[in-house]
Amino acid sequence: MKSFITRNKTAILATVAATGTAIGAYYYYNQLQQQQQRGKKNTINKDEKKDTKDSQKETEGAKKSTAPSNPPIYPVSSNGEPDFSNKANFTAEEKDKYALALKDKGNQFFRNKKYDDAIKYYNWALELKEDPVFYSNLSACYVSVGDLKKVVEMSTKALELKPDYSKVLLRRASANEGLGKFADAMFDLSVLSLNGDFNDASIEPMLERNLNKQAMSKLKEKFGDIDTATATPTELSTQPAKERKDKQENLPSVTSMASFFGIFKPELTFANYDESNEADKELMNGLSNLYKRSPESYDKADESFTKAARLFEEQLDKNNEDEKLKEKLAISLEHTGIFKFLKNDPLGAHEDIKKAIELFPRVNSYIYMALIMADRNDSTEYYNYFDKALKLDSNNSSVYYHRGQMNFILQNYDQAGKDFDKAKELDPENIFPYIQLACLAYRENKFDDCETLFSEAKRKFPEAPEVPNFFAEILTDKNDFDKALKQYDLAIELENKLDGIYVGIAPLVGKATLLTRNPTVENFIEATNLLEKASKLDPRSEQAKIGLAQMKLQQEDIDEAITLFEESADLARTMEEKLQAITFAEAAKVQQRIRSDPVLAKKIQETLAKLREQGLM
């Protein structure tokens, strides 16, 4: 599998608009420099590799010969150590000469693994002359004795004197990684690449490793309910995300909510409604808001279902044999359960829906429980709950539709097609089976059939934005971008004509994403406007935010990009999605730090200017 950096070079930090605006980041500049320097082999030499992996590397200037027999050229006290009592009278030339001799003496001790003595002589050399090599050698000594803090301290002093000291940058990066200061390590590695000292193959694995560690650390810091240090990608993708204790969990985007509940036939009433009962009124209010398709209605429904469940439980405690109360409580718990599931609380969802089934089994309760099982990757239980739902109502189209979805995911295409056909037969006014059948045909490489099925759906549902929106996704996958843009425009137009949310911001995000594939100035501006509009219309959409963050990054609005990436992490459903957003944010922070350094920022502009001159940009 490709590394995160390799996969996301463009998405993270790598695009330059046609105006030539610089989008600064280590990997992008490095990538362009590789084009400039094709064939040039700037790899880490053996000594440098040894320095990062083997503490016994020789310091700079060390000789292979044995210690010289001649007496030292610098003044010596009676104990054999340097005598600086007359240092004030040393000439500049003498200071340089003595310092070099002391450094050479330190090298002899280093070569003989007498690191404490080597450290003393390097420090004495520094008393006479501040030299980056002396600090570098000191840092190498501290590598050998395992004092990583001192490695960083001495490396920093060397870099203050010689900012482009490649060997020391690499050494400090390694030490910072060992100290858990991954962001600092990333910065040094980025500077190394920007300097063009090493090629992409040399630096990228180290940067990738530190970026992963930094992102994992931030993930654990913010959400802390998975062992991120040892988690595999599969564990991250299946681990339900638990928000911070100080932050209330929210519902997903209203676009997602409308899409999810749009599959079900609206249930706007229930048996034995008593308008004098506050619990009944809350349940009725919840059902009414659930199908209003407005931005605020889902939060209102959530609140009402929660209140209704609490009130019905109180009433049932006083009269636990009342079957009517049991049914009403079951309906309430069914809905609090699915809302908890959508808010990333699968355990709470399972508990509520299980209790609802025990009180009064309903088709939707079984469907929701099946979805919880699917979220756990338990396909066996998933199908079992659908079987139970069909025993209650063998003609419920939603059961067949959701079972078809699972078969589609598992690539059981024949069975998926049968389920979608049945759902379509049972509820011909539900648009989603039509769309899924068209998507299924495309998945089976039958584009003509796919197009025919979309045409059928369009004839039956001429005002439905779902048809052009999903067809645009298919056309995008087919690389038919011009037609896809037209379909997205049609979907946006149809959505705007309707009361309520149907496809929501999906066509706005889809069109923006498509525009960025042809990165002209005009397309970037339009894509940014579309994503800003999408984020305002649906503030809980992580897709809109992460897309907008990438645009802000490319426009050098790094602060805003970081904020949006971090907000995306809060909104994302799974740990894997959260990790990706955090990784983007941490990569952007490195870019921010590089560009805030005047020397590095100047170097970035110089590098890009050269590339423009050569026609590489």
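Glycine is treated like the rest: Cβ placed from N, Cα and C.
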Among Ser166, Ser174, Ser304, residue that the record in Swiss-Prot marks as phosphoserine: Ser174
Residues from the same chain, set at least six apart from the ends of the repeat 'TPR 4' (363-396), whose C-beta lies under 8 A from its own: 238, 240, 264, 267, 330, 334, 337-338, 341, 346, 349-350, 353-354, 356-357, 402-403, 406, 410, 426
C-beta crowding around Ser174 (phosphoserine), within 10 angstroms: 23
Composition by DSSP (helix, strand, coil) of residues within the repeat 'TPR 7' (465-498): 29 helix, 0 strand, 5 coil
Helix, strand and coil counts within the repeat 'TPR 4' (363-396) (DSSP): 27 helix, 0 strand, 7 coil
